[in-house]
Amino acid sequence: MKIQCEVCEKAEAEVLCCSDEAVLCKPCDIKVHEANKLFQRHHRVALQKDAASATTASGAPLCDICQERKGYFFCLEDRAMLCNDCDEAIHTCNSHQRFLLSGVQVSDQSLTENSECSTSFSSETYQIQSKVSLNSQYSSEETEAGNSGEIVHKNPSVILSP
């Protein structure tokens, strides 16, 4: 099963751009990433040509670790395709960059609430929720901007730095 380029939607994808979380054929990769100096900095990895031979009966790629189950995640640091079980076992407490394979949908809620450490998805959600809570707690009616860019609550004992 060939993975199609997300730009031209015609040619076989040869490159995974980790910054864009997209797969591209070689001509589209050159066209997109040579456009300006910022795009040239994107981290990209080549897709393996022989990956089609290591697939399940449904055509999905196999996990590189167990070689038994369907792979759902790509780990950038390990350069490996992982099933859910192997991903949990290996990446429970580290900060490797992992990408969900195209066509797979997941919830933003963790199934395990009592884990000792959280995945990057959970911590990002928590950080976003914390910022929203902080902003709604100190609304514009209750705050005024100081000269240094600080948010100063009308109660002088509360000072928040951006």
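Every residue number used here counts from 1 along the chain in the order it is shown.
Just so it is clear, glycine is given a Cβ too, placed from its N, Cα and C backbone atoms.
Listed in Swiss-Prot for this protein:
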BINDING   Cys5, Cys8, Cys28, His33  Zn(2+) 1 binding site
BINDING   Cys63, Cys66, Cys86, His91  Zn(2+) 2 binding site
REGION    137-162  region 'Disordered'
ZN_FING   5-47  zinc finger
ZN_FING   63-101  zinc finger
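A 10 Å cutoff on Cβ-Cβ distances gives Cys28 (Zn(2+) 1 binding site) a total of 22 other Cβ atoms nearby, all chains included.
Cβ neighbour density within 10 Å is lowest for Cys8 among the binding-site residues Cys8, Cys63, Cys86.
Only residues 6 or more beyond the boundaries of the zinc finger (5-47), in the same chain, are considered here, and those with a CB under 8 A from a CB of the stretch are 74, 76, 79, 97, 99, 102. Cα spacing between Cys8 (Zn(2+) 1 binding site) and His91 (Zn(2+) 2 binding site): 34 Å, rounded to the nearest whole number. The helix, strand and coil residue counts that DSSP assigns across the zinc finger (63-101) are 8 helix, 10 strand, 21 coil. Considering only the binding-site residues Cys5, Cys28, His33, Cys66 (Zn(2+) 2 binding site) has Cys5 as its nearest partner by CA-CA distance.
When the binding-site residues Cys5, Cys28, His33 are compared by Cα distance to Cys86 (Zn(2+) 2 binding site), the shortest distance belongs to Cys5. In the structure as shown, the Cβ atom of Cys66 (Zn(2+) 2 binding site) sits within 10 Å of 13 other Cβ atoms.
In space, Cys5 is the closest of the binding-site residues Cys5, Cys28, His33 to Cys63 (Zn(2+) 2 binding site), judged by Cα positions.
Per-residue confidence over the zinc finger (63-101) averages 79 (mean pLDDT, predicted model).
Around His91 (Zn(2+) 2 binding site), a 10 Å sphere centred on its CB holds 18 further CB atoms from the protein chains shown. For Cys5 (Zn(2+) 1 binding site), applying a Cβ distance below 8 Å and a minimum sequence separation of six or more within one chain yields Ala11, Glu12, Ala13, Val23, Leu24, Cys25, Cys28.
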